[in-house]
Amino acid sequence: MQSKLLVLREAELITGCSDYSAQRTNAERSKNQLRTNQEILSRNQWEAKQPIGAWFTSEHHKAFYSWDCQAQQEEFHVSEAENKREELQQQQQGTPWQAEILKESTERDGVSNGSSVIMAALYQSTDSSSPNKFLALKDVREVKEETTLDERLFLLACEKGDYYMVKKLLEENSSEELNINSVDVLGRNAITISIENENLDILQLLLNYGCQKLMERIQNPEYSTTMDVAPVILAAHRNNYEILTMLLKQDVSLPKPHAVGCECTLCTAKNKKDSLRHSRFRLDIYRCLASPALIMLTEEDPILRAFELSADLKELSLVEVEFRNDYEELAQKCKTFAKDLLAQARNSRELEVILNHQSSDEPVDKRGLLEERMNLSRLKLAIKYNQKEFVSQSNCQQFLNTVWFGQMAGYRRKHTCKKILIVLTVGIFWPVLSVCYLLAPKSQVGRIIHTPFMKFIIHGASYFTFLLLLNLYSLVYNEDKKNTMGPALERIDFLLIMWLIGMVWSDVKRLWYDGLEDFLEESRNQLSFVMNSLYLATFALKVVAHNKFHSIAERKDWDAFHPTLVAEGLFAFGNVLSYLRLFFMYTTSSILGPLQISMGQMLQDFGKFLGMFLLVLFSFTIGLTQLYDKGYTTNEQKDCVGIFCEQQSNDAFHSFTGTCYALFWYIFSLAHVALFVTRFSFSEELQSFVGALIVGTYNVVVVIVLTKLLVAMLHKSFQLIANHEDKEWKFARAKLWLSYFDDKCTLPPPFNIVPSPKTICYLFNSISKWICSHTTTGRVKRQNSLKEWKSLRQKRDENYQKVMCCLVHRYLTSMRQKMQSTDQATVENLNELRQDLSKFRNEMRDLLGFRTSKYAMFYPRN
């Protein structure tokens, strides 16, 4: 017994060797010898049924034991140890106290003999007089709660996927000596380890035995795992559908994340205590909620939930700029999931059910529901949430094309010449077609006109007619223009006013049905509103000028702000906007559409650049005006020109407006050099130098730096659109098409201001229903219609749920097939292979009746 304890004391004295190469060689040899000696000690301890680790006095020995001791090795090679001892004795060149240790160790038994040889070899060539040559190493990463050997075995079995060992340990835990909620040095419990390794069998076993920390969070902020991460959050991060299915059966719940600007008591306290932890916790929760597996399991409408989540994450990315990339990545993940889910539709009926579905929060069109109309509510919602991936998906675009052409489906298969002939024919006879629809909206011609494609052509032809009238008005007005004031309104003015009233009425109807926010989101509606306002102001000013200023007939006597002159300026600007509005028709073209989208994005970037440029222009204007506005005199006759001319004055910089004009046109090289006179006189050299320095600095900052920056910004915007050209164009085209899908504005201006028989019928029906609703018979009919409407709504919801279940199952199948078809080995493939090998090993061990100690997995075979 004393010899065994002496061996352990000698092992504790190991500190290192002075020579690094000798240390590595001797340490390897000592390791092999000590392994054999400790094996005999461990076997004797097992036979005596003594507790493991009784012979050890430090954690260092426990580590040696758990690392090297093997139960299967039963022979001790004494001859090999003696050969090593003789070899080490020949190489020994140590101090006298080391030789004494070696001499004492050689007199002991075989076990002590081998160990002392190892100790002497490790101590050789150590200079005790130079302690500063070595560093004292100490483990500072201490575990707060020490785990027992059985607990370490339990966690190791969960890590390796040993199902039978885990089951055996749980079954033998009758006295509850084994803490199944214990954690390893990384702060992971058995549940977390099983989820990370995606081991479903062990996870189900642990759930059956009821781990107490299953629904709790791991409160170990210093460990490598994320703070406040529950097992369900970890499983959602890994997007494992099977594990989430098992965990959700345990009635788990997640805290609802609050908004960034929430001022409730809880958020205020958390932000005050640890704002970083609160932000990271919100990010972890949203990363869990954005998991496609969790969305499919917990949401009845996964597509709507993906839309809402992407919008929330996009808003968070604008507020929490520190985690912008993370939130944008999660938002993109939700958009991709909605697109992939829609891609699983197999026929037009499924697409119709999905794209026409209305959630309970959306306003329901009862008449459309009873008439089985195509409202495309889900598609409109996707455009509202800016779901470009969803809208540009191939199935969605195919369905849109079918609805767009309607009864004109054969138009796409016709020859180009026939297509052009059809468009020209409709464009020429659009007034006749509009009258036919007014008289007989339910006829065959009326149904053809009601198709979105025909409505687009007729509205386009009406707008081209309006532009033709503007050209005639400009040419006739300029040709017959007189220096005297003419009549207030001419014949052509009344035609233009009719068109304007029709366009204003169309905008009012869109504003009424869509709301102010949705109406202003469309740039086409904004341009139309400004254009109509300019034209209405033009004709109003002409009437005012004729009534109030008719006494001043001669144009040369008019004031600069005469109503007629102001009206002419507004009319000219309105003409520019009218022709620019044609750009939105380019969206339907696959060639011109992407260019139009790129131009719109470039205009937005130019607006950002303009804010920077105006600040620079204003600062230099103020400086130059302050420098040159002193001692201003009128220009005199000059005998010389140039920047150093003594007689040249600084007229360009004497006023704020003149300085702005000069600096602005200087960018385009349209300002003559004589404008920039920086010299006052030969007696004012300092002021002249300052003026030249300011002008030169402006040239460098604006002409060289800012203009090049603008070019780079525009190039980046164009490249960004070009990289996603197909997606951007299809999304913009879908937005344009949807404005023609409803029956709110079938006829174009000016025929839309004429009440149609259909409108009159709808009006009488509404009045009659309102009157009948106050009678007993009317109330009964209303209740019956409500019941019918509710039953139809319930039937549609059931059909939607059936289709959604099919889409979810197809999505899961496609994901599995995609993982199996990949050529590269992924982490999931390696985990599956590892679990299969572990199951095979355990099954073979049970079939062969092989019984070993439960601690055998600590001791790997050589």
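Using N, Cα and C of the backbone, Cβ positions are placed for all residues, glycine too.
Those TrEMBL annotations? Automatic predictions, nothing curated.
From a predicted model like this one, the values you see are computed outputs, not experimental measurements.
Per TrEMBL, the features are:
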{"type": "DOMAIN", "residues": "262-324", "note": "domain 'Transient receptor ion channel'"}
{"type": "TRANSMEM", "residues": "420-440", "note": "transmembrane segment"}
{"type": "TRANSMEM", "residues": "456-476", "note": "transmembrane segment"}
{"type": "TRANSMEM", "residues": "488-506", "note": "transmembrane segment"}
{"type": "TRANSMEM", "residues": "565-586", "note": "transmembrane segment"}
{"type": "TRANSMEM", "residues": "606-628", "note": "transmembrane segment"}
{"type": "TRANSMEM", "residues": "663-682", "note": "transmembrane segment"}
{"type": "TRANSMEM", "residues": "688-711", "note": "transmembrane segment"}
Segment proximity, the transmembrane segment (688-711) to the transmembrane segment (565-586), 3 or more C-beta pairs under 8 Å: no
Close approaches to the transmembrane segment (420-440) from elsewhere in its chain (Cβ under 8 angstroms; 6 or more beyond its ends): 411, 414, 446, 449-450, 454, 457-458, 460-462, 464, 746-748, 751, 754, 756-757
Helix, strand and coil counts within the domain 'Transient receptor ion channel' (262-324) (DSSP): 53 helix, 0 strand, 10 coil
Averaged pLDDT, computed only over the residues in the domain 'Transient receptor ion channel' (262-324): 89
